[in-house]
Number of protein chains: 2
Amino acid sequence: MGYSKTDELAINTIRTLAIDATFAANSGHPGAPMGMAPVAHVLFNKFMTFNPKNPDWANRDRFVLSNGHGCMLHYALLHLFGYALSMDDIKHFRQVDSICPGHPEAHDTPGIEVTTGPLGQGFANAVGLACAQAHSAGVFNKPGFELFTNHTFMFFGDGCAMEGIASEAASTAGHLQLGNLIAIYDDNHISIDGDTKCAFTEDVSKRFEAYGWHVQWVKDGDHDLQGIEDAIQKAKEVTDKPSMIRLTTTIGFGSKLQGTGGVHGNPLKEDDIKQVKEKFGFDPAKTFVVPEEVYDMYHKHASEGAAAEQEWDSMFEKYASEHKDLAADLKRRLSRKLPEGWQEKLPVYKPSDKAIASRKLSESVLEAIHEAVPELLSGSADLTGSNNTRWKNAVDFQPPSLGIGEWSGRYFRYGVREHAMAAIMNGLSAYGTVIPAGGTFLNFVSYAAGAVRLSALSHQRVIYIATHDSIGLGEDGPTHQPIETLAHFRALPNFMVWRPADGNETSAAYYVALTSTGTPSLLALTRQNLPQLEGSTIENGIKGGYVALEDKEAQITLVSTGSEVSLCLEAVKYLKDEKNVAARVVSLPCFEVFDAQDKEYRLKCIPDGIPALSVEVMSTMGWEKYSHEQFGLNRFGASGPYKDVYKKFEFTPEGIAKRAVATIDFYKEVKPLRSPLQRAFLQLI
Amino acid sequence: MGYSKTDELAINTIRTLAIDATFAANSGHPGAPMGMAPVAHVLFNKFMTFNPKNPDWANRDRFVLSNGHGCMLHYALLHLFGYALSMDDIKHFRQVDSICPGHPEAHDTPGIEVTTGPLGQGFANAVGLACAQAHSAGVFNKPGFELFTNHTFMFFGDGCAMEGIASEAASTAGHLQLGNLIAIYDDNHISIDGDTKCAFTEDVSKRFEAYGWHVQWVKDGDHDLQGIEDAIQKAKEVTDKPSMIRLTTTIGFGSKLQGTGGVHGNPLKEDDIKQVKEKFGFDPAKTFVVPEEVYDMYHKHASEGAAAEQEWDSMFEKYASEHKDLAADLKRRLSRKLPEGWQEKLPVYKPSDKAIASRKLSESVLEAIHEAVPELLSGSADLTGSNNTRWKNAVDFQPPSLGIGEWSGRYFRYGVREHAMAAIMNGLSAYGTVIPAGGTFLNFVSYAAGAVRLSALSHQRVIYIATHDSIGLGEDGPTHQPIETLAHFRALPNFMVWRPADGNETSAAYYVALTSTGTPSLLALTRQNLPQLEGSTIENGIKGGYVALEDKEAQITLVSTGSEVSLCLEAVKYLKDEKNVAARVVSLPCFEVFDAQDKEYRLKCIPDGIPALSVEVMSTMGWEKYSHEQFGLNRFGASGPYKDVYKKFEFTPEGIAKRAVATIDFYKEVKPLRSPLQRAFLQLI
């Protein structure tokens, strides 16, 4: 109880570091760090348990700065507590290749849990982290062994509060009764356009109550450290609801421009810095100053965290002797390695096996591997029966009090909340004990684009199960039929887009998705049935592309994915019978993985000397890398039975053959006719 | 007062039409139409004013079915009231080229105001329609001439209620005090995954109250027609708040599966249909039956609507004599034509003019044309100062009671709600009197992808002002730097992506965006300054691409957009001086518009005989259509001063020159070397 001069000094040290760093960078956001330094100080120093020397400790408290533009707040804290983030790093805030980039990036900076900045994302990530904690506790905690007890703390501002993704995530968290989640709302009345009265006059507290949250209000977030402490303490004591603490603060506290938008996204001016530092008792002539007693105070707390980890390690040792399998499982999960031999469970198909929709093939994979891969947590954004994401005996991930599931349940009912689903999955993945897979229609992954991008940027092993992948969904029509979607996600760096053509390719897609620890994946799956292909094997599939039908005399290569590969095989027969043209077929289920194969292999697939024609019932964009000519759909689709829709757009053996012949004719005279894989220079990656 | 047997018969006619149409299509959603038929009947027949013979009447009441999968409800009503939607059309529900597609499409079906189905969109569209009404009333209504008085009625279900976009839009509507908006929440406890208790247990009514809505609850939506009527009447009387009526209904009312997910997305079985029809007093042996008294009742209401329009027309005639200019302006707006000569206001630049960021150039356009184009309604998702979307003397669009704007104001403060902004703009555009333009960072247009797609599909003239368009934004870093974004939107059909290189191109982009009545546009604009180019004119720009620097001896064409065009011009000098290589430059600000030029023109820009190298600091995807080789950024960016970031990725004259030389070498031996514009066959459009 009680706060001293040192506390005040620590708070002002955080503030002046944010001031100095943004000034040095001539860029950045000093306002939020200056306004939130008091609550950050209380939270980190009084409540949070962590060990800066091991930012990966499994049971550390998690902190998420959803208003990520205020990241100098977090960088300052990480430095002061002794994470591997030096004063020199802070001096290089917002400089190329610094570990203090303009917004927090999980992959590069120790102590940053998730990548935030795009507003609302961190909010939903925190919900995911809290879900992962509840789930891990449900799976691993045993009487006397409370392995997973950590809290997830999250700061968010008015910007996050306005974003739909945060609304979706807050509704989810309320439903799930996440007592381990404590969110602090920086109620400073300021967003970039100025006073929130211009656009945001709702009653945020009442809204969170409606979601089922426990809500408090601390009216003087600038000074009332004890009030902040009491509120956080009370929030911890509420264990059957997530907590939201509305904290009224002054943005840019101390600045001449405090309380205005002027201090949100611009460094303070020199004279303003001078007066702030004087007011705070700092020497205006000096920059990047940390009083020794501040380091001492924070290092003391850090060493308590290190001790807590040691204690946990001892507990874990005992746990390992009493619950050998669970302990081994947990260790393995944390290493991000899959159980040995799991891949032998993957379904294998013969060409004589019956035609099945790839969404059903995906279901068979989940059915086959879910026992072998216990960290897999499936789910859907309210399309379970359509996405086929649920194995038969799955238990729902639910608070036990609802009577419809368990914390240890492995099926997540995300509701119709695609964007939050994706960002919650990013949080689940970031926790370290779970591999999340979530379903929706491919077209509606676009609703989640903001979060999908961050799956890729922050290297999360997240799997998007995206069914109803084309005009092949038929009657639902153009509002539901993806055209641009695969181009969009294929253009996203560090992201694997799979469009398997049959059962073996679907198994291959899961194999690569699950074993790629730092890359998210999307599986585009059909509603309609697909035959099992002759040349398809899991081994071929995991190369991202392979020759599905070879013909040494071929005059053209047909390159295709998913439902159009079998159509191309039909077109080959038609070409032979009706046009006396020999053709070969390449299946290319994943561009990104195919690109990673050696050039010799790739050129065997798409060789020099004959033209290649791509066939895919959506935007042709991106196919020029793998084909000379492209047959696709650069317009919206149509509502009708899918065979009629395919016919309307000439996706028939005849339609393909016509274009194949035109392509052969067109390239006859070109010498040398190089494979489109032959490039003049390599791209930077 | 009082409801008769005919009312009941009408309700059951709607239900059986939905049953028959989904059964005939063997596809579709009978549950929502069967559950919502009572409220639809009361609303359409007692409250809504419309003339089926003129679905474009400016002051018609608007109806939006946000749960668009229930569209058979709306198609049935449109048919019954006498819109140009025949029984034969209904019999072709969900068939190729029918005007009754699987989800409602505004562009093709008379009486459908906006395209819905993707959940939550219609909710936000309705907010946009209501805003447009309030704005149009603010601009055009005069004492004695209440030209714009219509209401916007909207149905939404649990799915919409869960979507973040609807939350954003509801918060916006509450802030704006839209008393002309009445939303009916189909509280049937069922979503696709079954009972909403699985994922959605919040207090929706309380949430809407928190947003500032007037909320009522009708507990028996299946039978209580009078209660429904009273609630809608009361909602109309509340003029300073939007209204939400929670209506508890039974999904699939009458079916054996009523109240379950089984009736949501599947046609009823034959035996179920038999019992429903018998229960409703319909002959089970007959299909698509409409009793004459139902037609009579609805046609009577329709004729009242036609009379109301006539009355309005007479009022408008008088208005035209007393307010000549306003009347002419309104007529012109409704014709979607711009005022004569408006384009002469577009800023024109000389090469000697100073370098300016294209976001500022965009601001200059808005400043220059806003008086000439009064239907332009600008705005931003809380990035006004960064997007430069506000002309100097703009008045905010706000409810006057807030004291910070007027209904007639033309600047929309969307808050940090990108997705709702886009969908609200779709609604604003659909109303017919407004051209909306809304700003955010290019990277965050992705948050709005679901609605942007519908701008394109539903042919709305919406302008996305997307600033901070590349790594050129610098310090904010990879979380904010678009890589995949332009590829994504370039792959979207019926959508124009502009990335102007200077002032004249920016003016050209606005010219084409504003004059394209059925196509939305996105303007990707820089944060950093751009020089005014030698070859650039508005006339060149509106072709979507042109030769920015010609050289008849050129060994290579550099094709580029935006900030990289001037870099290419520098590279040309470097190539000449350091490598003795002649190069020419093509600026390609808009692929879609360039594609629409004749082939001769396009081949003049990107000719046969020499290779073309594209240069753009983002994903290379899509550039293969215009170049043989691509220099881009197929990885995430970096946080730092933008010049450092450009240098890191070799976007310098040297970096371009190196790749140009490699490209020339690589293509030396290829004969004939065709322009990438030469294709073997034409795409279907």
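Every residue gets a Cβ built from N, Cα and C, even glycine.
Over in TrEMBL, the protein carries these features:
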type	residues	note
BINDING	B:HIS29, B:HIS264, B:ARG359, B:SER386, B:HIS468, B:ASP476, B:HIS480, B:ARG527	substrate binding site
SITE	B:HIS29	site 'Important for catalytic activity'
SITE	B:HIS264	site 'Important for catalytic activity'
DOMAIN	B:356-532	domain 'Transketolase-like pyrimidine-binding'
ACT_SITE	B:GLU418	active site, proton donor
What are the non-local neighbours of B:GLU418 (active site, proton donor), defined as same-chain residues 6+ apart in sequence with CB under 8 A from its CB? B:ALA381, B:THR440, B:PHE444, B:VAL445, B:TYR447, B:ALA448
For the binding-site residues B:HIS264, B:SER386, B:ASP476, B:HIS480, proximity to chain A (Cβ under 8 Å) holds for B:SER386, B:ASP476, B:HIS480
Starting from the Cβ of B:ARG527 (substrate binding site), draw a 10 Å sphere and report how many other Cβ atoms land inside it. 20
Counting other C-beta atoms within 10 angstroms, the emptiest spot among the binding-site residues B:HIS29, B:HIS264, B:HIS468, B:HIS480 is B:HIS480
Chain-internal residues, separated by at least six, CB under 8 A from B:ASP476 (substrate binding site): B:HIS468, B:SER639
Counting Cβ atoms within 10 Å across all protein chains shown, which of the binding-site residues B:ARG359, B:SER386 comes out on top? B:ARG359
How would DSSP class B:ARG527 (substrate binding site) in three states? coil
Substrate binding residues B:HIS29, B:HIS264, B:ARG359, B:SER386, B:HIS468, B:ASP476, B:HIS480, B:ARG527: largest Cα-Cα distance, in Å and rounded to whole number: 48
Through the lens of DSSP with three states only, how would you label B:HIS29 (substrate binding site)? coil
Taking every residue in the domain 'Transketolase-like pyrimidine-binding' (B:356-532), the average pLDDT works out to 98
